[in-house]
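Here the structure is laid out as C-alpha cells; the discussion comes afterwards.
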Amino acid sequence: IMMDDDMETGTLGAYQDRPRTFPNMRTKPYTPLIFRILLGINVRVLFLLLLLALVAIFYVGASTSPIIVFVISVCILSFLLALYLTKWVLAKDEGPPEMVQISDAIRDGAEGFFRTQYGSISKMAMLLAVVILCIYLFRSTTPQQEASGLGRTTSAYITVAAFLLGALCSGIAGYVGMWVSVRANVRVSSAARRSAREALQVATRAGGLSAIIVVGMAVIGIAVLYATFYVWLGVDSPGSMKVTDLPLLLVGYGFGASFVALFAQLGGGIYTKAADVGADLVGKVEQGIPEDDPRNPAVIADLVGDNVGDCAARGADLFESIAAEIISAMILGGTMAQRYPSGFILFPLVVHSFDLVVSSAGIFSIRGTRETGVIVPVEDPMTILQKGYSFTIVLAVVAFGLSTRWLLYTEQAPSAWFNFALCGLVGIITAYIFVWIAKYYTDYKHEPVRILALSSSTGHGTNIIAGVSLGLESTALPVLVISVSIISAFWLGHTSGLVDETGTPTGGLFGTAVATMGMLSTAAYILTMDMFGPIADNAGGIVEMSQQPESVREITDVLDAVGNTTKATTKGFAIGSAALASFLLFSAYMDEVSSFSQEPFKQVDIAIPEVFVGGLLGSMLIYVFSAWACSAVGRTAQEVVNEVRRQFIERPGIMDYKEKPDYGRCVAIVASASLREMIKPGALAIISPIVVGFLFRVLGYYTGHPLLGAKVVAALLMFATVSGILMALFLNTAGGAWDNAKKYIETGALGGKGSEAHKAAVTGDTVGDPFKDTAGPSLHVLIKMLATITLVMAPIFL
C-alpha cells in the first residue's frame, strides 16, 4: 500500500495542518459477470435486446391477466425512476481528493468481499439445487398434479429453476444495495460540508434508489415467473393445471431468496461487527482515539463492513421478506379463488406495486436546502424522516382501499372487500406502532436509552445489566401488538361473509395474509430508512478520516445517530412481518402435507411426546444458531484485536502519524474469517428441519403413525418461530440501545468522549454489536427460511 512521501518520512505538521492523503487500496473496479457481458454488447444491439425482452414480458403478461400487465408496467416505471435517482445522486460532487481516496478504499474492500462471498454462496446454492432436484424426481405426486398432467420431472425442474432464479435475484438485490452505498457515502460527506439538510436528502435518495430496485425486482420477478408458468403449462385449459394450484410452484423462488439472504446476512454481519468490535476495543478503549480515526488499522475494515453487512445483506433480506410474503399470500389466495375471483391470487402483487408508488412519493417528499452559512441541522433528521413515513402511510391507506375494492369485490359477499381493507389497515397500523416502539427503546431522546447511558457512569457491569434488562423488556409491547393484529385480522376476515360449500367461514386466514400485506405496503420506504443508516455511518467515517472541520463531523454524528435508530426500527418492522409471513407459510405447509397424504392435517397436538420434542428442538435451534453467530463475531474480533495491538506495538509511530497503519491486513483477516465462520450456523439452519423430519418419519413408519414426521416438523417450525421472534426482538433492541447510549454520551452528556462513562458505554456497544447486526437480523431471515424449506421439502417428511 503506497502512501504520501510526507507520511512515509514522518514530516507531518500539526493535526489540522497535515496533508490529508490516504492509501489508495484500489486494485481494479469489480463488476459482476452478467453486467460485464451486458456492457460488452453494442449499445444498439443491447437496446434491441431489451426491447424484445420487454415485448416478450408484456406478451406473456397480457396472455395471463391485465393485472399482471399493470404490475409489470408499474415495476418498469419504478426502474426508470431509480435510474433518475441514480443520475441525481451520482451528479453530486465527491468532495476533496482525500475523501475520494478513502471512498475508493472502502469500495474496493466491499466489492472484493462481495465477489468472494457470493461466489461461495452460489456454489452452495448449486449443490442444494441438485439435492432438491433429486428429492423431487423421486417423490410422490399429489392428485392435483396427476390430474393436470404435471409429472415428477416437470415439477422437479420447475422447482429447481424457481429456486435458482430466487437466489440470483436475491444476490442482485444485495449487489444493488452495496453498489449504491459505496458511491453515496462520499457524496453525503461532501454534502455535509454545506448543509445538514442536503446531506440528509442525498442519503435518503440513495437509500430510496436501492429500495425501489429491490422491491421492484421482488415484485416483477414473481409476476414474470407466475405469467411464464401460466402460459407454458396452459393453465386453466382442459386437462391442465388449475390457476388455484399455480402459486405452489413459486415456493422454490422464495426458498432461493431465503437461502441467499441467510448467508449474506451471516457473512456480512460477521464481517462488519468483527471489524467494528476490534476497532472500538483497541482504538477507543485502549488507545483513547476517536471513532473512525485514520490511525486505527481496523478503520477501513469497519467502514467496508457497513456496506457488506448493513447494505448488501439488508437488500437481500428485504427482497426475501417481500418474496416470502407475496408467495404465501398468493397460495392462500389460490385457496380462496376456488370459489371467488382470481383477483385474490394477484392481490399481493398489486399491493406491492402501489407500495412502489407511495414510497416513491414519500422519498421525494424529503427535500434539501442550501442554506448559506448554516452548518448545523435546523430540524431533527428523525422528525423529517418520520414526516416522510407518515405521508407514505396516508397514501398507502388510500391505495390499499382502492386495491381491495378492485380485486377483492365479489357478488357473493359485497362487503367482504371492506373487511379486507380494514385488515390491511390493521397491518399498516401495526407497522407504524412497531416503528414507534423500536424508536422509543433505541432513540436517545427517550427515557430507556438515557437510563442506560446513566448506568454507564457506575461502570461497565452496570451498563451490561441495564442493556440486557432493556432488551428483555422491549419484547413485551411488540408481542402484544402482533397478537392483537393477528386476532383482529383473522376476526375481520372470518366475518367478511366468505363461506365454503357447507357455510363455514373461510376468510379468516386470508384476513391475516391481508394484514401482512398491509404491514409491508410501505416496505420500500422502510428499506430507504434502513439504507440511510449505513450510508450516514460511512459518511461520518470519511469525514473523520479526512480530518474535516468539527462542525461537519457534528452533522454526520447526528445523521449517524438517527441512522442507528432507523436501522433498529426497520429491524423491528422486519421481525413483525417475519412473524406474520411465517404464520401464513405454516398454514401453507399444513395444506401441502394434507394434499400429499390425502388426510386432513389441520392441527398439531403438542401433547404427543414426539411432537413436543420437535418443538423443543425448534426452540433449541434458535438459541444454538444465535450462539454460533455471536461466537463467530467474537472469534473474528479477537483476531482483529490482536492484529491492531500488534501494529500499535510494532509501529509506535502510528499514534504520532509518523508510520502508516496496514489497513489491508485487517480487511483480509475479517474477510477470510467471516466466510469461514458463516458456514456452520447456516448449515445448521438448513440441515436441522430436514434431518428431524426424516428421522421422525422413519420412527412413525415403524410405530404406525405415518404423519409423525410432518407433525414433528410442524412443531419445530411453530416453536422456532415463537422463540426466534422473541430472541430477535431482544437482540436487535438491546444492541441498538447500547449503540445510541454511547452516541448520547458522545454528545457531551455524562462527561462526553473519553470519560469513564464513555468507556463503559463503548463496552456495552461492543457487546451489542453482534446482537443487532449479526444474530438478530439473521434470525428473522432464519424464521422465514425454515418455513419455506419445510414447504419445499414436505414430501420427504411423509
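In case you wondered, yes, glycine gets a Cβ from its N, Cα and C as well.
Note that TrEMBL annotation is computational and uncurated.
Marked as transmembrane segment by TrEMBL: 33-61, 67-85, 121-138, 158-182, 202-226, 344-368, 388-409, 416-438, 572-590, 611-634, 682-700, 712-731 (among others).
Packing against the transmembrane segment (388-409) from elsewhere in the chain are residues 67, 204, 341, 343-344, 346-347, 350-351, 354-355, 357-359, 361-363, 365-366, 416-418, 420-421, 424-425, 428, 432, 435, 514, 517-518, 521-522, 525-526, 529: each is 6 or more residues past its ends and has a CB under 8 Å from a CB in it.
Between the transmembrane segment (712-731) and the stretches 158-182, 416-438, 611-634, it is 611-634 that has the most C-beta pairs under 8 angstroms. Panel annotation: around the transmembrane segment (416-438), residues 351, 389, 393, 396-397, 400-401, 404-405, 408-410, 474, 477-478, 481-482, 485, 488-489, 492-493, 495-498, 507, 510-512, 514-522, 526, 565, 568-573, 575-577, 580, 732-733, 736 of the same chain, lying at least six beyond its termini, place a Cβ under 8 Å from a Cβ of the stretch.
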